[in-house]
Amino acid sequence: MTAFSTLNVLPPAQLTNLNELGYLTMTPVQAAALPAILAGKDVRVQAKTGSGKTAAFGLGLLQQIDASLFQTQALVLCPTRELADQVAGELRRLARFLPNTKILTLCGGQPFGMQRDSLQHAPHIIVATPGRLLDHLQKGTVSLDALNTLVMDEADRMLDMGFSDAIDDVIRFAPASRQTLLFSATWPEAIAAISGRVQRDPLAIEIDSTDALPPIEQQFYETSSKGKIPLLQRLLSLHQPSSCVVFCNTKKDCQAVCDALNEVGQSALSLHGDLEQRDRDQTLVRFANGSARVLVATDVAARGLDIKSLELVVNFELAWDPEVHVHRIGRTARAGNSGLAISFCAPEEAQRANIISDMLQIKLNWQTPPANSSIATLEAEMATLCIDGGKKAKMRPGDVLGALTGDIGLDGADIGKIAVHPAHVYVAVRQAVAHKAWKQLQGGKIKGKTCRVRLLK
């Protein structure tokens with residue numbers, strides 16, 4: 001393991017910040033890519049989510065930011081709003097050593113006018129989806145004249161979503177003299193073609209899936225298709241995870257599994273492609289703040305999910321692609337933490353299990369299912385209040401915290417994460433005081449205005 005301090009160009013303040021964030025040593029992708037990135041070279045990297053790639057390009061682009069220059073100097077393109085939010089959050093943490101650095105996300109599904117207002121003072125860094133960014137470029141609300149670093153994150157996913165033309169159009173607005181960093185989980189011909197068009201003699205780095213595999217205990221259970229839900233309920237009763245993601249291959253199974261867990265008192269939410277954007281946002285917020293213990297999701301819907309301490313991942317169905325299997329289980333061992341991944345295998349999935357074994361070069365750890373016993377509940381510690389207002393009402397976490405602890409009299413220990421979104425604020429409060437907080441906040445005020453509050457269920 002190589003320490004970040006070996007990178008002589010990182011300033012002491014950044015090294016101190018990395019230490020405070022718990023980043024003590026570099027991941028394989030960081031060790032391979034950062035020297036070239038910090039030297040200003042173009043780099044193309046094939047690596048999975050969870051490999052530390054955000055910090056790799058984040059540390060690089062931050063070294064080129066002049067906070068006294070109020071122009072956009074770095075751009076990160078992402079396939080989804082969720083990934084953009086995740087990347088922006090990580091960049092803000094990495095940028096704590098650099099005061100007054102403005103980072104802005106520009107994604108579809110958010111009011112254009114609100115974004116236009118935020119752009120009156122140009123951000124130093126923009127994290128965006130290609131379509132919405134192109135809208136702003138064409139309307140003249142964003143300028144890339146001072147851009148020195150362009151990053152394309154999950155480039156293969158952007159192509160899958162049909163963003164190829166939009167990416168080309170965006171790049172036409174960028175200066176030719178820039179550093180371009182391209183990250184992709186896979187490397188199809190279309191990605192190689194984009195690299196050839198937009199990069200100059202890039203350093204090619206490939207982090208093999210087996211090299212990047214974190215310290216995860218994998219357990220496999222042979223069961224019938226009909227036996228999967230009872231087995232899942234028993235295993236959740238046994239392990240009692242504070243947070244768990246269950247992966248299903250279809251939206252139908254995703255909802256059926258979620259409903260079955262809730263029926264026995266195991267708090268679960270579902271995340272799949274049929275959800276409206278608002279419902280999707282609320283689901284992600286509620287799971288992240290502890291208002292549900294289990295998230296049942298499809299692979300596409302879970303892209304960009306950022307949960308720091310995920311104790312357990314369950315493959316309700318084995319993925320068709322072994323690379324997807326690695327991507328799934330890697331969510332339970334972020335930043336070097338260990339994790340547990342459980343996979344169910346019905347007889348018709350045996351071939352998929354063999355492919356996973358061959359690819360990862362491991363002997364599968366087959367387990368005996370626990371004996372039939374009573375199902376234990378899995379209750380969430382927190383509940384979520386949704387307050388109308390958010391960024392457009394200039395609400396801050398401190399405003400909400402003050403209302404809850406001052407006017408309503410909640411103990412600070414009863415309040416969890418406060419997430420401020422454009423039109424809403426989501427507040428996690430302990431279940432025991434949730435109804436009291438909701439009822440009293442209904443008639444109360446935040447920043448002098450009466451607020452509309454809902455208790456999400």
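One-based numbering along the chain as shown.
Backbone N, Cα and C atoms are what each Cβ position is placed from, and that goes for glycine too.
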Motif 'Q motif' range according to Swiss-Prot, out of 3-31, 61-89, 177-205, 409-437: 3-31
The annotated motif 'DEAD box' range in Swiss-Prot, which must be one of 145-148, 153-156, 321-324, 441-444: 153-156
For Ala47 (ATP binding site), the number of other Cβ atoms found within 10 Å of its own Cβ: 25
Counts of helix, strand and coil residues, the domain 'Helicase C-terminal' (230-376), according to DSSP: 63 helix, 25 strand, 59 coil
